[in-house]
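Each remark here refers to the structure printed beneath this line.
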Amino acid sequence: MVTFFTLYVAQRLRFFEPKAIESQTIILFGLLNGTSIGLLNLSLGFNSIGFYQMTKLAIIPFTVMLETIFLKKKFSQSIKLSLLVLLLGVGIASVTDLKLNLLGSILSLLAIATTCVGQIVSFVAMTNTIQKKLKVSSTQLLYQSSPYQAAILFAAGPFVDKFLTKQNVYGYSYSPVVVGFIIMSCLIAVSVNFSTFLVIGTTSPVTYQVLGHLKTCLVLSFGYTLLHDPFTAKNIIGILVAIFGMALYSYLSVSESKKKVADALPVSQMKNEESPLLGSKGSGHHQDKENN
């Protein structure tokens, strides 16, 4: 809701122009992504931290598989190798324990499925369809869908939480300090939501997940630097391997996108074509320049 109200103020100040979108499409969009958020949080609540990290790691290969099957996108062997190196590094750095339980495992599988489908179908296929018909940008789409994401979490969250944990969120004593941290978290989430739509809209779901694992490495590093969390040689090696995998993925993505652009354009137009930072312009996962 904070994201919605922030964007409402932004559009009132003429930072972007709001556009009406078909109700059925935007409701489906919001509900799917709201469900994904809820399931990921439930997965964290009912699994060990190690198994939760494994759930997040599994999103990349599942995303690659779904894009290959349903969107007919081709991933080169070198790209797959770089992703494998990245996953190996993040796994070494962050996965500590793998305690399993049936409910947690089911929630993790559902979280992986809804996250992958949400990012591929909603963010990519649906976004491109909407943009071709109505020329709607990522900001306009986020503005229209955020109330529905908030609604599904507000309506289902407390009841699901009470059913699973036997605790009532409304029975918690919200002190001023707690409320202050909740507000701060919401404000930070505005930039997270906004950047998520921009990154996936201009690159691809796989690139977004790669950046997410960079965040994991940064969290571990800042935890050690600022909070003096325990840091072992395994963490350092894992972070270095993960960073190497990210750099390799970025280099290969840029190289392959340049090659595709060069193959698609006549020689006379090659000099005027700009290359994207990450991903391929011809992959079907990019928004038009004016929408960014």
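Backbone N, Cα and C atoms are what each Cβ position is placed from, and that goes for glycine too.
The following features are taken from TrEMBL:
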- 23-250: domain 'Sugar phosphate transporter' (DOMAIN)
- 272-292: region 'Disordered' (REGION)
- 21-44: transmembrane segment (TRANSMEM)
- 50-71: transmembrane segment (TRANSMEM)
- 78-96: transmembrane segment (TRANSMEM)
- 102-129: transmembrane segment (TRANSMEM)
- 172-194: transmembrane segment (TRANSMEM)
- 233-252: transmembrane segment (TRANSMEM)
Q. Ranking 21-44, 50-71, 172-194, 233-252 by Cβ pairs under 8 Å to the transmembrane segment (78-96), which is first?
A. 233-252
Q | Beyond the flanks of the transmembrane segment (233-252) by 6 or more, those residues with Cβ under 8 Å of it | A | 76, 78-79, 81-94, 207, 210, 213-214, 216-217, 220-221, 224, 278
